[in-house]
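Peer 1: Would you mind keeping the following structure in view while I ask a few things?
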Amino acid sequence: MLELIEVNGTPGSQLSTPRSGKSPSPSPTSPGSLRKQRISQHGGSSTSLSSTKVCSSMDENDGPGEEESDEGFQIPATITERYKVGRTIGDGNFAVVKECIERSTAREYALKIIKKSKCRGKEHMIQNEVSILRRVKHPNIVLLIEEMDVPTELYLVMELVKGGDLFDAITSTSKYTERDASGMLYNLASAIKYLHSLNIVHRDIKPENLLVYEHQDGSKSLKLGDFGLATIVDGPLYTVCGTPTYVAPEIIAETGYGLKVDIWAAGVITYILLCGFPPFRGSGDDQEVLFDQILMGQVDFPSPYWDNVSDSAKELINMMLLVNVDQRFSAVQVLEHPWVNDDGLPENEHQLSVAGKIKKHFNTGPKPSSTAAGVSVIATTALDKERQVFRRRRNQDVRGRYKAQPAPPELNSESEDYSPSSSETVRSPNSPF
């Protein structure tokens with residue numbers, strides 16, 4: 001049985017009012033060598049895609065000056081002087097997302113507007129999310145471009161990723177191989193490595209939060225979004241949260257956890273990328289069965305679904321899904337593995353037939369537009385994540401079934417020279433997906 005509890009947010013300092021400095025815009029370079037590049041068991045965005053409104057055009061007559069929104073709030077002139085604000089393209093429980101174009105560059109972004117009246121008493125949760133977004137700057141992470149805080153609203157100019165999500169990329173392609181899956185993991189592991197170098201744990205890595213960025217040369221890369229559950233790791237964490245299919249055993253066991261819960265989630269995603277269904281599956285809506293499987297950590301590669309998948313891929317998945325946290329791979333080790341750095345990929349590439357199984361198992365369907373997934377991720381806030389925070393009512397044998405007690409998480413030294421101001425593009429030893 002599960003009961004809902006509130007996220008243990010860490011109150012931070014008040015948001016700057018306003019912040020006039022602008023973070024560097026995402027690099028428009030299109031590297032030809034980039035790697036491909038509610039609480040249901042599988043989860044999804046808290047914002048319903050079916051209700052997302054998509055704007056195909058903007059009013060060309062819009063000029064600088066304070067604008068009144070259809071939702072009844074005034075968009076500050078500080079925003080409208082720099083951005084042409086368009087129609088509402090997403091409407092979540094606590095935030096509205098509007099199309100916006102930077103006037104000086106014609107670059108398209110998304111303006112996320114959080115109405116403070118809906119957040120009373122829980123402001124610290126929003127502050128924690130924004131404080132994380134301020135710190136992160138990486139090619140494989142959805143960026144916060146600029147922010148402005150006024151008494152009644154918080155305005156966030158966000159990078160708008162328009163290529164759909166990870167499942168969209170797989171189900172819409174005509175050819176899909178291990179090399180494609182390897183490239184996707186390269187992008188994800190690069191983002192995780194960077195976050196962990198800052199001692200930030202994401203805690204909700206799943207396909208719906210991995211968005212496809214399409215470069216001008218036709219290559220693609222993944223960007224990780226939705227930092228509503230992200231937090232700084234300065235000691236063991238105990239809040240039981242996440243999306244059940246991707247949650248690590250140490251979270252369920254409530255023994256304390258750290259950064260490597262993100263590696264477990266990435267391992268589950270890698271498994272899905274290669275066969276179309278997750279390694280741990282419950283029966284119907286019985287999450288206890290799913291959690292018991294996760295606690296046991298027995299990973300199988302059933303025939304015929306895995307017959308044409310390389311042993312190198314299976315070995316890597318096993319190392320990412322180790323119940324023993326000390327033995328589980330880090331993001332650095334994932335990136336160094338032959339299957340990811342190209343040495344372990346098979347020469348004869350078999351096409352993987354996973355799209356149909358993904359559609360069936362995850363009940364994925366067509367979205368209103370390719371932008372819908374990116375808008376949905378932006379529309380989600382930390383407050384929406386309260387549904388994904390749960391406490392397991394321990395049975396007497398929970399810890400007994402959890403065979404490997406994790407060591408207290410250490411402050412990680414998986415550093416990479418990506419400062420928050422870096423706009424370097426992650427390059428891969430492989431072809432793009």
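Every residue gets a Cβ built from N, Cα and C, even glycine.
The following feature annotations were taken from Swiss-Prot:
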REGION    1-74  region 'Disordered'
MOD_RES   S23  phosphoserine
MOD_RES   S25  phosphoserine
MOD_RES   S27  phosphoserine
MOD_RES   S30  phosphoserine
COMPBIAS  40-57  compositional bias 'Low complexity'
MOD_RES   S40  phosphoserine
MOD_RES   S45  phosphoserine
MOD_RES   S46  phosphoserine
MOD_RES   S57  phosphoserine
MOD_RES   S69  phosphoserine
BINDING   I89, G90, D91, G92, N93, F94, A95, V96, V97, K112  ATP binding site
ACT_SITE  D204  active site, proton acceptor
MOD_RES   Y213  phosphotyrosine
REGION    388-433  region 'Disordered'
MOD_RES   S419  phosphoserine
MOD_RES   S428  phosphoserine
MOD_RES   S431  phosphoserine
Peer 1: For I89 (ATP binding site), list the number of other Cβ atoms lying within 10 Å of its Cβ atom.
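Peer 2: There are 25 such Cβ atoms around I89 (ATP binding site).
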Peer 1: When you tally the Cβ atoms that lie within 10 Å of each candidate's Cβ, which of the binding-site residues (A95, V97) has the highest tally?
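Peer 2: Answer returned by the neighbour count: V97.
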Peer 1: Tell me the Cα distance separating Y213 (phosphotyrosine) from I89 (ATP binding site), rounded to the nearest angstrom.
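Peer 2: Spelling it out, the Cα of I89 (ATP binding site) and the Cα of Y213 (phosphotyrosine) are 18 Å apart.
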Peer 1: For D204 (active site, proton acceptor) and D91 (ATP binding site), determine the Cα separation and express it in whole Å.
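Peer 2: Distance (Cα to Cα, whole Å): 21 Å.
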Peer 1: Within 10 Å of the Cβ of D91 (ATP binding site), how many other Cβ atoms are there?
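Peer 2: For D91 (ATP binding site), the 10 Å Cβ neighbour count is 17.
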Peer 1: Please report the distance from the Cα of A95 (ATP binding site) to the Cα of Y213 (phosphotyrosine), rounded to the nearest angstrom.
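Peer 2: Computed Cα spacing between A95 (ATP binding site) and Y213 (phosphotyrosine) is 23 Å.
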Peer 1: What count of other C-beta atoms do you get within 10 angstroms of the C-beta of D204 (active site, proton acceptor), across all chains shown?
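Peer 2: Around the Cβ of D204 (active site, proton acceptor), 26 other Cβ atoms lie within 10 Å.
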Peer 1: Considering all pairs of residues in I89, G90, D91, G92, N93, F94, A95, V96, V97, K112, annotated in the record as contacting ATP, what is the maximal C-alpha distance expressed in whole angstrom?
Peer 2: 14
Peer 1: Near the Cβ of Y213 (phosphotyrosine), how many other Cβ atoms are there if near means within 10 Å?
Peer 2: 22
Peer 1: Helix, strand or coil by DSSP: which one applies to N93 (ATP binding site)?
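Peer 2: It is coil.
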Peer 1: Other than its own, how many Cβ atoms are within 10 Å of the Cβ belonging to N93 (ATP binding site)?
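Peer 2: Total other Cβ atoms inside 10 Å, all chains included: 14.
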Peer 1: Sorry to bug you, but what's the C-alpha spacing from the residue listed as 'phosphotyrosine' to V97 (ATP binding site), rounded to the closest Å?
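Peer 2: Their Cα atoms are separated by 19 Å.
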